Amino acid sequence: MDAFATSPTSALIKAVNCIAHVTPMAGEDSSENRRASNYKPSTWDYEFLQSLATSHNTVQEKHMKMAEKLKEEVKSMIKGQMEPVAKLELINILQRLGLKYRFESEIKEELFSLYKDGTDAWWVDNLHATALRFRLLRENGIFVPQDVFETLKDKSGKFKSQLCKDVRGLLSLYEASYLGWEGEDLLDEAKKFSTTNLNNVKESISSNTLGRLVKHALNLPLHWSAARYEARWFIDEYEKEENVNPNLLKYAKLDFNIVQSIHQQELGNLARWWVETGLDKLSFVRNTLMQNFMWGCAMVFEPQYGKVRDAAVKQASLIAMVDDVYDVYGSLEELEIFTDIVDRWDITGIDKLPRNISMILLTMFNTANQIGYDLLRDRGFNGIPHIAQAWATLCKKYLKEAKWYHSGYKPTLEEYLENGLVSISFVLSLVTAYLQTEILENLTYESAAYVNSVPPLVRYSGLLNRLYNDLGTSSAEIARGDTLKSIQCYMTQTGATEEAAREHIKGLVHEAWKGMNKCLFEQTPFAEPFVGFNVNTVRGSQFFYQHGDGYAVTESWTKDLSLSVLIHPIPLNEED
């Protein structure tokens, strides 16, 4: 069966387990006076996706045993004696292959040992070593000051001219510069210097492998990349290297396929849930289950976080529909009623809404309450008040944007972003993920409420998600008649051209990343994995909106990656 079809499958729809009776309204299905969304139907065949739950890629037992054996070999490799730069390069390869989560403690132990080593002769005056050391240490929570790059400057304070010929060093410097904080001017200089020189030489690099790495990095730096997506690309790339370690490559392929088989089962179960709700038949809203699962894998791909992915995908799929109701389909009166019901977390008054909108609302309630029940059963914590609060806050932000649209009000960029960093909806997913993963002794009503208050880490995550979304979707959304986005707000406020406005928003993206980077080192009540969730949702947005709206419209780049990450296992050699 093909993974794609021209329209969603006409599978049997089972009755949704609603908590209220929806009274039909006169003219409830009328499209009169409603704006057209112009959304294309999902290109994914839901019958095929459901089949993944039972006929997913079964990893053979011999491959599971082989993976365990190779894992021990790689662990010994990490702990083995080698030159410091070689150790850093091994760790870099492991991370890019998507294997960091398998060797978290070993990697941190080796990096901390290199950090404590008082000898600096191996990295000082070596651009590649200095930059790679800086990036890997910061990525793994060990602070290194930007001053380590001072030795690479000449007497005039500029980077030494001979460094322009060191392509590998420039690439490492480029990647390191994206971990900078606000006020770290030296790293800003490093970013400009490395970007300029890499662009100058990218077409004339003699090594094909290095040339591909440079072009890949210039398209998207590692720090902005989703680990699971990057791993799928890098496994193929690593196989082409002259000095490839066969056992490391084999383990990376096996582990990728093992995790993929788990993801396939999860996706199949989610597709069944989606079809059973009946929401896949609503044509006036986006049908985005597959995109949301890809996003869930960007947020957290590790096998042990299946419940986090499940809740995040369900909520995100409903969020897209609720967003469309507020942005395009619902009348202002209907949106007021919808918001009031969610704010009270009480379905009284739902009979005042059209059936289609009521279906979305009831599925939202049922899903949130089920997640809350699972939390109470599994963790002994009542999370429903916090999930309900996140939904209520989100709907109020949506309503504000709808009122702006209906009144013709044009917000300033600052006003728009203050509302938009919450209306982008990731606070809801992050609150739920926090409730699911926080250490139980630290999980309290107050700590959960703090996440809902949008503290700095969550704020930067929301801001970046909003900015990426606007860069990718604003043109299509304005054509549909949606609320003005950040680009249009800036144009209206300053008189700038669209091109200039886009450059300004891109500048805000770079600055917001600096704020996020600093948050990763500041004292907060949060720990892993929650900190990583915040950063990784942004990386998912970067992927979907890098070349346009790859979320609402299944573009070739999102479709191809979805197939390679979720559907097709990596081929193994016959002897494997």
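Just so it is clear, glycine is given a Cβ too, placed from its N, Cα and C backbone atoms.
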- Query: Which single residue out of ARG272, ARG286, ARG377, ARG379 does Swiss-Prot record at the (2E)-geranyl diphosphate site shared with ASP323, ASP327, ARG466, ASN469?
  - Reply: ARG286
- Item | Average model confidence [pLDDT] within the motif 'DDXXD motif' (323-327) | 94
- Message: Please identify which of ARG286, ARG466 has the densest Cβ environment, defined as other Cβ atoms within 10 Å, among these binding-site residues.
- Response: ARG466
- Item | ARG466 ((2E)-geranyl diphosphate binding site) to THR473 (Mg(2+) 3 binding site) - Cα separation in whole Å | 10
- Task: Take the Cβ of ASP327 ((2E)-geranyl diphosphate binding site) and count every other Cβ within 10 Å, whichever protein chain it belongs to.
- Result: 22
